[in-house]
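Read the structure below first, then the notes.
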Amino acid sequence: MIAPSLSSGVEQLGDMIAHASSIVPFTGAGISTESGIPDFRSPGGLWSRNQPIPFDEFVARQDARDEAWRRRFAMEQTFAKARPARGHRALASLYKAGKVPAIITQNIDNLHQVSGFAEHDVVELHGNTTYARCIGCGKRHELDWVREWFFRTGHAPHCTACDEPVKTATVSFGQSMPSDAMRRATELAQHCDLFIAIGSSLVVWPAAGFPMLAKECGAKLVIINREPTEQDEIADLVIRHDIGETLGPFVGN
């Protein structure tokens, strides 16, 4: 059902939240645009100007690794200045109230943690851009160290433990999805009674399968997104309005 108006959608969503005992939010890029982080897939977004660097190219070529880190540091101020928007804060309020056991996100910006979610309760399907990992041994490297290395040498860094390449702790095209995050997201979708997909076009698989899984397992499904999605027809409620305006009334409540 598509909400006929914003107020109607908010009222229906509030009623569904009140009657739910285990709510699992699933967030995409749309929730962070209010924080100043662009949706990379949108027209004019980063990927319309620069093709993503596939994982196998990153592994094989020094110039690809250098370019990947150049792009990351070109976005430095965007990520550094970003603060949780109304959508993030509303979900954090529901989490603190005990309604939300954990959150599933496609985002890499760390804003759910900043908004108040414990790190272990944020299931990051596509990783996190605020630190780096060795692609060999998995050792974590902080961005301050990477930045110093990159601007001193002009090249992407190598791990201090095993000398393999270091990349942002994000999932690149062609890179395997994190198995622990996929397992946890599956469990959350299977056992919630309300699944809310927020700011996602629901076209990137396998992540887009979680709303369908939740619905198949008996949960109510809400989709909050300005544009239509292919899963609108199976949703119990579709709200095609601004995320901040839709979730804003739930901040602190």
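Along the chain as shown, the residues are counted starting at 1.
Backbone N, Cα and C define each Cβ position, glycine as well.
Summarising the annotation, Swiss-Prot assigns domain 'Deacetylase sirtuin-type' to 3-253 and lists sequence analysis as the type of evidence.
Marked as NAD(+) binding site by Swiss-Prot: Ala29, Thr33, Phe40, Arg41, Gln106, Ile108, Asp109, His126, Ser200, Ser201, Asn225, Asp242, Ile243. There are 25 other Cβ atoms within 10 Å of the Cβ belonging to Ser200 (NAD(+) binding site). DSSP gives Ser200 (NAD(+) binding site) a coil state; it is part of no helix or strand.
Annotated nicotinamide binding site per Swiss-Prot: Phe40, Ile108, Asp109, in sequence order, evidence recorded as sequence analysis. Taking a C-beta cut-off of under 8 Å and a sequence gap of six or more, Ile108 (nicotinamide binding site) has these contacts in its own chain: Glu124, His126, Gly127, Asn128, Thr129, Thr168, Thr170.
Its Cβ placed at the centre, His126 (active site, proton acceptor) has 20 other Cβ atoms within 10 Å. Taken from Swiss-Prot, the feature active site, proton acceptor covers His126, and the record attributes it to sequence analysis.
Around Cys134 (Zn(2+) binding site), taking its Cβ as the centre, 21 other Cβ atoms fall within 10 Å, counting all chains. In the three-state DSSP reading, Cys134 (Zn(2+) binding site) counts as strand. Sequence annotations record features per position, and here Swiss-Prot assigns Zn(2+) binding site to Cys134, Cys137, Cys159, Cys162.
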Of Cys134, Cys159, Cys162, which is closest to Ser200 (NAD(+) binding site) if I measure between C-alpha atoms? They're all binding-site residues. Cys134
Ile243 (NAD(+) binding site) falls, by DSSP collapsed to helix, strand or coil, into helix
Around the recorded Zn(2+) site (Cys134, Cys137, Cys159, Cys162), other residues with Cβ within 8 Å of the Cβ centre, ordered by sequence, are Ile135, Gly136, Gly138, Lys139, Thr160, Ala161, Asp163, Glu164, Val166
